[in-house]
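Peer 1: Sharing a structure below in structure tokens format, with a few things to ask.
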Amino acid sequence: MSPQTETKASVGFKAGVKDYKLTYYTPEYQPLDTDILAAFRVTPQPGVPSEEAGAAVAAESSTGTWTTVWTDGLTSLDRYKGRCYHIDAVPGEDNQYICYVAYPLDLFEEGSVTNMFTSIVGNVFGFKALRALRLEDLRIPVAYIKTFQGPPHGIQVERDKLNKYGRPLLGCTIKPKLGLSAKNYGRAVYECLRGGLDFTKDDENVNSQPFMRWRDRFLFCAEAIYKAQAETGEIKGHYLNATAGTCEEMIKRAVFARELGVPIVMHDYLTGGFTANTSLAHYCRDNGLLLHIHRAMHAVIDRQKNHGMHFRVLAKALRLSGGDHIHAGTVVGKLEGERDITLGFVDLLRDDYTEIDPERGIYFTQFWVSTPGVLPVASGGIHVWHMPALTEIFGDDSVLQFGGGTLGHPWGNAPGAVANRVALEACVQARNEGRDLAREGATIIREASKWSPELAAACEVWKEIKFEFPAVDTLDKKKG
């Protein structure tokens, strides 16, 4: 080795491993308005200090690796590195912390949820120094939000397209979710729409199977929509699931839906992927289609409290990527969802501005500027007795979706739809008259059932049905 080479090797570089906290833990740092901020729930391995664990998360999700490398000297780490700038102990837990990390905006490709998640929730989640890691929340800066189109249309444009105001929208998932022929499927769609629903829906796993190919389903559902519209004088829709094995096939299905003149298509955004979802959202805006989003696979990611990613993060990502509706739990039905937490991310979906609110699990103030809002969809194990609570919890800007709660009616699909529409109209009228839905809900439904035999029959069938299980994902509270 030449003397010149030896001299260069000894200046500004020292091989070896050093603590992450020496570079990536910066409690004096004041986050910039342009930084993406993340709140991680960190459970270190025994003996790993919280500062080292938080710094490791910042490092491994930005510029760091396990050892010092030559090429660190070829760039400005201070400009590009993530910084763990604050750590809070989690109330009631012995070795768990909320670590706040700031990422410079230059780390991320414009308009790409895929790239953002590849960094922030990538390899770091398998890091051995951590027993568990969960991304609780993100603050998306305005500068980054403006690089996204967002939802194809948003809440107000959808209401104008449908000419429906002053109440939640009503939907129904066609059951059984798999096995029906396209013609029988279309018949069920027609009966539900004729009975008073605004929408019917493909289930998340209805794509293009041997028993019902997608093109046949689209044709029979379009026929059902037009027939129901002619009979009721209302605009109707069916969420035609365009999810496919390739992006090209997905867009082909959306093109066919547009050619049929239907108002809305659907996508499974987690199994389909954010790249596919963003592409479909762009197509929908350009071609006047509404986009319904199903969150199939979300519980694999978000249900465990200590590891994974909270749904509020997935909800924010969807608002960036694009969708006009997204499933958001029910609070009262068969699927996971604590009330305060659910209402927290429902507001993040709908509102332009949401303040930090620990009581609802919101770690950062979020401003969406001109990004349209997304309608939350309440779906899963709900029926007419839940209608007052759903109307009170979710308000007008929501979709209330009754699958079994429509198709399970003893008189058939259309009477099931009638029962739900009557129950909803009764709840909206009672609320507008100043009645307390939370306290008087059951009375309101009973009163309405006197004038609707369809509702009375539904009330009798589902009077004993409850799903009384505690939520797994709950707010942090001190152990008393």
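Note that Cβ sites are derived from N, Cα and C of the backbone, with glycine treated the same way.
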Peer 1: Going by the substrate site in Swiss-Prot, where ASN123, THR173, LYS177, ARG295, SER379 are listed, which of the candidates HIS325, HIS327, HIS409 is also part of it?
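Peer 2: Site partner of ASN123, THR173, LYS177, ARG295, SER379 for substrate, according to Swiss-Prot: HIS327.
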Peer 1: What is the Cβ neighbour count of SER379 (substrate binding site) at a 10 Å cut-off, with all protein chains included?
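Peer 2: For SER379 (substrate binding site), the 10 Å Cβ neighbour count is 25.
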Peer 1: Quick one: of the recorded positions LYS201, GLU204, HIS294, which has its CA closest to the CA of THR173 (substrate binding site)?
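Peer 2: It is LYS201, whose Cα lies nearest.
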Peer 1: Expressed to the nearest Å, what is the distance separating ASP203 (Mg(2+) binding site) and ASN123 (substrate binding site) at their Cα atoms?
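Peer 2: Distance (Cα to Cα, whole Å): 32 Å.
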Peer 1: Taking the centroid of the Cβ atoms of LYS201, ASP203, GLU204 (Mg(2+) site), which other same-chain residues have Cβ within 8 Å of it?
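Peer 2: Those within range, site residues removed, are THR173, ILE174, LYS177, ASP202, ASN205, VAL206, TYR239, ASN241, MET266, HIS294.
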Peer 1: Distance between HIS327 (substrate binding site) and LYS201 (N6-carboxylysine) at the Cα atoms, whole Å?
Peer 2: 12
